[in-house]
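Feature list (source: TrEMBL):
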TRANSMEM  13-32  transmembrane segment
TRANSMEM  44-68  transmembrane segment
TRANSMEM  162-181  transmembrane segment
TRANSMEM  201-221  transmembrane segment
TRANSMEM  228-247  transmembrane segment
TRANSMEM  259-277  transmembrane segment
TRANSMEM  289-310  transmembrane segment
TRANSMEM  316-337  transmembrane segment
């Protein structure tokens with residue numbers, strides 16, 4: 001194998017290993033925090049930490065199981081029988097099984113001197129599913145855990161060592177998931193234009209800088225009104241769920257599991273932007289940004305009217321301007337990314353589902369993760385020039 005592809009495969013393998021390690025470390029930190037809350041008599045905090053862990057884990061297992069059942073028969077030749085897989089998911093080990101399976105396939109490909117196209121495509125197929133599950137886990141578990149930890153610190157006026165560990169591991173998990181998701185979408189590009197590290201860094205920074213003020217505003221509201229934050233989340237989540245439904249998502253293999261996907265996307269949209277529909281997204285992204293900004297400003301204004309309720313040790317007068325600067329900087333980087341760094345691609349239509357264009361027979365027999373490819377189509381816009389239009393002898397771009 002040439003040196004450059006071999007190095008790239010090794011780098012992918014290292015990233016996969018550290019992604020799995022970050023998930024396990026974050027899980028251990030959350031369990032440690034729950035145990036410390038229980039030992040100190042704060043049983044409600046411990047229950048909330050465990051509830052967030054449990055709900056996110058159940059959602060991940062459902063996604064993983066539905067996807068495995070929908071994959072082509074015979075694709076996963078080396079996986080255990082159906083009953084063993086069902087037991088693994090019932091024991092909440094389905095996501096970890098996928099991580100181990102992806103690492104094993106990546107190691108197998110790296111060790112081969114000349115890996116086959118099928119082995120390379122299958123490794124990509126597994127990695128893309130893991131990246132999607134990691135993104136869902138981030139916004140269903142890591143981001144709410146970070147918000148909860150910050151709210152508890154704001155209420156008490158001090159942070160214990162286990163709380164710092166939980167905050168730091170959640171932050172690392174969120175950062176890793178954002179980078180990994182961008183890398184996964186890059187894998188699905190048909191023309192694979194060069195994105196380089198600069199594009200990924202700017203994408204990561206604008207997401208993180210816009211996410212941090214939102215998390216801080218929700219944490220501040222939770223510290224002031226712990227009994228009303230659930231109603232706040234439920235109200236906004238229902239509105240966002242209705243919005244996602246209006247966009248006509250078609251991501252999962254059946255209508256029942258599609259509602260699981262819509263509910264998960266609505267939870268992501270509560271904190272950050274996530275594109276689920278094809279076409280021009282500038283208007284939808286602007287509406288979502290204004291919606292979240294207005295909600296966050298209302299929560300900050302609520303804090304200003306109840307400033308005496310929180311401990312004086314918390315430097316909120318400093319943190320709030322820092323949050324505003326982070327938001328403005330994140331917004332500027334977002335504009336820079338979409339203006340100069342966001343690539344456009346020629347997505348060639350397909351007779352079956354519009355996900356890919358016709359290729360050789362060998363290419364069509366390779367594993368293709370159409371789930372993530374569909375999201376990549378939504379994320380990367382089509383090139384609208386003469387080269388992208390049907391030529392003579394073509395029908396809708398298909399020869």
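A Cβ is built for glycine as well, from the same backbone N, Cα and C atoms used for every other residue.
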Any contact, the transmembrane segment (201-221) to the transmembrane segment (289-310), with at least 3 Cβ pairs under 8 A: yes
In contact by Cβ distance (the transmembrane segment (13-32), the transmembrane segment (162-181); 3 or more pairs under 8 Å): yes
Contact set, same chain, for the transmembrane segment (13-32): CB under 8 Å, 6 or more residues outside the stretch: 49, 52-53, 95-96, 99-100, 102-103, 106-107, 110, 127, 130, 134, 137, 141-142, 145, 162, 165-166, 168-170, 172-173, 176, 180, 183
